[in-house]
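Quick notes on the structure that follows.
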Amino acid sequence: MPLALTAALGFSTLGILGKLSAQTGLPALAALPWRFGLVALLLLPFARGLPRGVQGRMLGTGLLYCLATHAYFLALGRVSAGTTSLLLYLAPAFVLLFLALGGRRPARLQLVGIAFTVAGLGLVVGLPGPGDHDPAGLLFGVLAAALYGLYLLGSERWLTGVPPLASTAFMSLSAAAYFGVTDLFTHTLRVPTGAAQWGVVLGLAFLPTLVAVPALYGAVARIGAARASVVATTEPLWTVLLAAVFLHEPLRAAVLLGGAGILLGAVLAQLSAGRAAPLEL
């Protein structure tokens, strides 16, 4: 559980760094190729000597992450950030659904934990509002959750036993190439300029990538995708708390109540007996 919480805390800095990136004039999508490219260059030496088959699985898992991230941004452009986050963190439900389709029934405490988590998320990020009725936006949000669930299951099935730093290196390589090509075709590819923009890129490369991603791979290997995905839903809570500290955004009572629900759901998921078996992908 500590690794999963570390991953959630690391990923929670994305929202703040994304806002800072926009303030410097560098769109979030334009920063992604540089964020992942720097991490790939730094970590690829740790992946030397791995068999080609393992390298291929790491690249394939990285592609799932890219597709989930792209779907998330497509949803974000059509519905509110709160609704997009709420849909994304349906990922634990998709993990359990895919496991059930693979013949593994989820533990009852896992289902109860997800219920508390979804309710808590509704309080933290807000329920869908009147402007959140774009069918394409809602569909992309659900697709992001499903793809992220597959990414977690793929990490458990294909990357267990692979060093987390090596997995992070190849995921970052996939992401750098994917978002570089995407930005090129959408005419949004930019080279960061100045200390402010490069500072944001370095921040994105460090906390939500170098720290969070290896921690996530380690958590999936130790406690399984199902339980790790539930603990990962604490991320919006940490985002709100960090925004209150560093951006001086107001902290609502509903956030504290919702945070308690999210944490309770995470604890219940950890109390579920045994580890969910991986889906045969």
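Including glycine, each Cβ sits where the backbone N, Cα and C put it.
Copied over from TrEMBL:
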- 3-125: domain 'EamA' (DOMAIN)
- 137-268: domain 'EamA' (DOMAIN)
- 32-50: transmembrane segment (TRANSMEM)
- 62-80: transmembrane segment (TRANSMEM)
- 86-102: transmembrane segment (TRANSMEM)
- 109-129: transmembrane segment (TRANSMEM)
- 135-153: transmembrane segment (TRANSMEM)
- 165-186: transmembrane segment (TRANSMEM)
- 198-217: transmembrane segment (TRANSMEM)
- 229-247: transmembrane segment (TRANSMEM)
- 253-273: transmembrane segment (TRANSMEM)
Note to self: Do any residues, 6 or more residues outside the transmembrane segment (62-80), come within under 8 Å Cβ-to-Cβ of it, and if so which ones?
What the structure shows: 28-29, 32, 87-88, 126, 128-129, 131-132, 134, 136-138, 140-141, 143-144, 147-148, 150-151, 154, 170-175, 178-179, 182
Margin query: Going by DSSP assignments with H, G and I as helix and E and B as strand, what are the residue counts for the domain 'EamA' (137-268)?
Written below: 113 helix, 0 strand, 19 coil
